[in-house]
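The active site annotation in Swiss-Prot covers Asp136, and the record cites sequence analysis as its basis. Positions annotated as substrate binding site by Swiss-Prot: Leu83, Cys84, His85, Met121, Glu122.
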Amino acid sequence: MQDPFPKNSANLTHLDGQGQAQMVDVSDKVQTIRQAVAEAQVRMLPATLAAIQAGNTPKGDVLATARLAGIMAAKQTANLIPLCHPLPLQKVAVEITPDPQLPGYQIRATVKTKAETGVEMEALTAVSIAALTLYDMAKALEKSMQIESIRLVSKTGGKSGDYFPPAP
């Protein structure tokens with residue numbers, strides 16, 4: 001059977017000809033405006049959602065802390081993900097919205113740059129850390145919260161073009 005992912009595949013840009021990890025050389029790429037949007041969910045009991053919305057939590061402002069953690073995380077992505085390029089970020093916005101139907105919170109991050117490579121990992125890191133921080137801030141109320149559906153919602157700009165996956 002033929003290997004569907006040969007080590008020298010052009011699709012595996014983070015591997016060299018010997019299959020060793022490498023940081024992709026983007027020095028010949030043109031700087032363009034690039035944006036990525038990612039989302040995550042934190043599912044919780046209705047009582048936990050109500051307590052967070054009312055501000056009745058032992059650690060303080062859950063949502064403000066989670067939002068700031070997400071922004072800070074986007075800026076640290078290259079320090080967390082080994083082969084990510086450090087990028088100048090022009091915009092990082094983290095929105096945390098209550099969703100009584102879940103019940104819990106929807107988290108959405110939008111990250112924008114003018115650079116040689118995209119910001120998908122920065123957006124995904126932002127929602128992941130915002131969700132983890134929300135969990136940390138509210139775990140005294142409920143330890144059974146679930147972080148779910150971390151996904152890339154869209155990516156625009158760059159050589160590979162725009163990406164809009166189908167809704168889950």
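Backbone N, Cα and C define each Cβ position, glycine as well.
Positions of Swiss-Prot features highlighted on the structure.
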residue : record                 : contacts (Cβ under 8 Å, 6+ apart)
Leu83   : substrate binding site : His14, Ala21, Gln22, Met23, Val24
Cys84   : substrate binding site : Thr77, Ala78, Met121, Glu122
His85   : substrate binding site : Met23, Val24, Val26, Ala78, Ala115, Glu116, Thr117
Asp136  : active site            : Lys59
Whole-number Å value of the largest CA-CA distance among Leu83, Cys84, His85, Met121, Glu122, listed as substrate-binding: 12
Env. residues of substrate site, Cβ within 8 Å of mean position of Leu83, Cys84, His85, Met121, Glu122 Cβ: Thr77, Ala78, Ile81, Pro86, Leu87, Thr117
Secondary-structure category, per DSSP, in which Asp136 (active site) falls: helix
